[in-house]
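A.B. asks: Sharing a structure, written as structure tokens. Questions coming.
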Amino acid sequence: MAETIGSEVSSMSDKSAKIFVAGHRGLVGSAIVRKLQEQGFTNLVLKTHAELDLTRQADVESFFSQEKPVYVILAAAKVGGIHANNTYPADFIGVNLQIQTNVIHSAYEHGVKKLLFLGSSCIYPKFAPQPIPESALLTASLEPTNEWYAIAKIAGIKTCQAYRIQHGWDAISGMPTNLYGPNDNFHPENSHVLPALMRRFHEAKVNGAEEVVVWGTGSPLREFLHVDDLADACVFLLDRYSGLEHVNIGSGQEVTIRELAELVKEVVGFEGKLGWDCTKPDGTPRKLMDSSKLASLGWTPKVSLRDGLSQTYDWYLKNVCNR
């Protein structure tokens, strides 16, 4: 099917339309709920895992039969770091496939008008061209450390495409870059680089440490997008995009790990020294998504990295430190 873009596919003018946000308690889902409420949507359906286990097909069927949402945003997923992916591969591929298959099929069967499936930049090959275009999908081998999760997410994209091709159903997919913001994971053992840096600098500041040492040289380039920008992009795509191909969602702005660390250090107010352990690995030299397709649709990010870090640190102080 041909792609359709622009105002002619604008579909979310009814602010009372019922919208099911799957995974509303996570980093992504909670931001999407905030954005929808901010834009005046009043009929959001939100279910905790205890209320609705998305891996149970019969329960998901029953939910859609009773609630009959008009739109679905699928932000629910089993996520984790390298250690978790290596230790529980069956969980990462199995649980995510179950969630996706159950929600996508039930949404179609029960007349959902449109579904947005959210994936991850890890769907792309380990040695993808930089910046990574949507067309890089399935062109080479994945990063082995998270291939179980990545394969499940690729299957989600392909499931949406299959329902569009066979049934003409409006299911679309968005692939976010590295995200950060309120409700991020700040756990010392399994958080990603940005929240990990924020926690380390904060604890060093509180404890009066003289130095924070970061792994590597600080030279790798990374891209970060504030989760509120992602949420804005999701609502934009749900409203304005209808196409077979998935859409990259990124900031388009690169920063070295060294620059990021300096910025986090400044935002947190740590006045000690920043050191680098160059005996430790740097990881991939560059990872940037090509988000020109999304830009051509008329969407651009609004939150600068500095402002986003300040907002995230404020949230961290109020919600993590005070627990």
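Any Cβ shown, glycine's included, is placed from N, Cα and C.
What you are looking at is a predicted structure, and each value in this text was computed from that prediction instead of being measured.
From Swiss-Prot, here are the annotated features:
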- Tyr149: active site, proton donor/acceptor (ACT_SITE)
- Gly23, His24, Arg25, Gly26, Leu27, Val28, Gly29, Lys153, Pro176, Thr177, Asn178, Leu179, His192: NADP(+) binding site (BINDING)
- Arg200, Trp215, Arg222, Asp282: substrate binding site (BINDING)
- Ala2: N-acetylalanine (MOD_RES)
- Ser120: site 'Important for catalytic activity' (SITE)
- Cys122: site 'Important for catalytic activity' (SITE)
- Lys153: site 'Lowers pKa of active site Tyr' (SITE)
A.B. asks: Calculate the distance in Å between the alpha carbons (Cα) of Gly23 (NADP(+) binding site) and Arg200 (substrate binding site), and round it to a whole number.
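C.D. replies: Computed Cα spacing between Gly23 (NADP(+) binding site) and Arg200 (substrate binding site) is 28 Å.
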A.B. asks: Between Arg25, Lys153, which of the recorded positions has its C-beta surrounded by the fewest other C-beta atoms within 10 Å?
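C.D. replies: Among the recorded positions Arg25, Lys153, the lowest count of other Cβ atoms within 10 Å belongs to Arg25.
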A.B. asks: Between the Cα atoms of His192 (NADP(+) binding site) and the residue listed as 'active site, proton donor/acceptor', what distance do you get, rounded to the nearest Å?
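C.D. replies: Between the alpha carbons of His192 (NADP(+) binding site) and the residue listed as 'active site, proton donor/acceptor' there are 16 Å.
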A.B. asks: Would you count the other C-beta atoms found within 10 angstroms of the C-beta of the residue listed as 'active site, proton donor/acceptor' for me?
C.D. replies: 26
A.B. asks: Cα distance, Pro176 (NADP(+) binding site) to Ser120 (site 'Important for catalytic activity'), nearest Å?
C.D. replies: 5
A.B. asks: Let me make sure I understand the span of the NADP(+) site: among Gly23, His24, Arg25, Gly26, Leu27, Val28, Gly29, Lys153, Pro176, Thr177, Asn178, Leu179, His192, what is the greatest distance between any two Cα atoms, in Å?
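C.D. replies: For the residues that bind NADP(+), the greatest Cα distance is 20 Å.
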A.B. asks: Out of His192, Arg200, Arg222, which of the binding-site residues is least crowded by other Cβ atoms within 10 Å?
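C.D. replies: Among the binding-site residues His192, Arg200, Arg222, the sparsest Cβ neighbourhood within 10 Å belongs to His192.
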A.B. asks: Using Cα-Cα distances with a 10 Å cut-off, which of the recorded positions Lys153, Arg200, Trp215, Arg222, Asp282 are near Pro176 (NADP(+) binding site)?
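C.D. replies: Those close enough: none at all.
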A.B. asks: With Trp215 (substrate binding site) as the reference Cα, tell me which of the recorded positions Arg25, Leu27, Cys122, Asn178 is the closest one.
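C.D. replies: If we rank Arg25, Leu27, Cys122, Asn178 by Cα distance to Trp215 (substrate binding site), first place goes to Asn178.
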A.B. asks: From the Cα of Asp282 (substrate binding site) across to the Cα of Arg25 (NADP(+) binding site), what is the distance in angstrom?
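C.D. replies: Just about 32 Å between their Cα atoms.
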A.B. asks: If you compare CA-to-CA distances from Arg222 (substrate binding site) to each of the recorded positions Gly29, Cys122, Tyr149, Asn178, which comes out shortest?
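C.D. replies: That would be Asn178, nearest by Cα distance.
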A.B. asks: Just how many other Cβ atoms lie inside 10 Å of the Cβ on Leu27 (NADP(+) binding site)?
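C.D. replies: Taking every protein chain into account, the count is 19.
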A.B. asks: Got a sec? Which of these recorded positions, Ser120, Asn178, has the most Cβ atoms within 10 Å?
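C.D. replies: Per the Cβ count, the most surrounded site is Ser120.
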